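Undergrad: Below are the features I grabbed from Swiss-Prot:
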- 40-101: coiled coil (COILED)
- 1-11: compositional bias 'Polar residues' (COMPBIAS)
- 94-114: compositional bias 'Basic residues' (COMPBIAS)
- 1-114: region 'Disordered' (REGION)
Amino acid sequence: MSSAIPTSSVNPVKGMRKNGKNWHDSKKPFRPTSGLTSYEKRLEARKRQEAVKEHERELREEKEAERKAQIQKIKDRRAAKEEKERYEKMAEKMHRKRVERLKRREKRNKLLHS
């Protein structure tokens with residue numbers, strides 16, 4: 001007796017729909033949490049996002065530092081030009097040696113107070 005029961009891969013009949021519209025697909029229950037990612041995937045995505053933000057922060061800080069260095073360079077250049085003009089004005093009124101002496105004294109005082 002080697003007879004097997006024939007099995008077919010036919011979908012079982014669901015029965016008639018209540019409203020009679022059997023040509024429509026039957027609706028499935030709405031489960032919004034079923035498509036969510038696993039905890040490990042969320043952690044990995046969060047780590048990637050934090051790494052990107054950290055990199056962006058570093059780039060912003062680097063750009064800001066360059067900008068401040070440029071501003072400081074301009075300020076130093078202006079101060080040096082101003083000081084040079086001031087000494088030239090003093091040289092018009094006074095002797096050259098006295099101007100040089102005042103220059104040295106101001107430089108000493110600047111170093112002491114800085």
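Easy rule for this one: first residue shown is 1, then count along the chain.
In case you wondered, yes, glycine gets a Cβ from its N, Cα and C as well.
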Undergrad: What are the DSSP helix/strand/coil residue counts across the region 'Disordered' (1-114)?
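TA: The breakdown for the region 'Disordered' (1-114) reads 77 helix, 0 strand, 37 coil.
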Undergrad: Summarise the model's confidence over the coiled coil (40-101) as a mean pLDDT value.
TA: 93
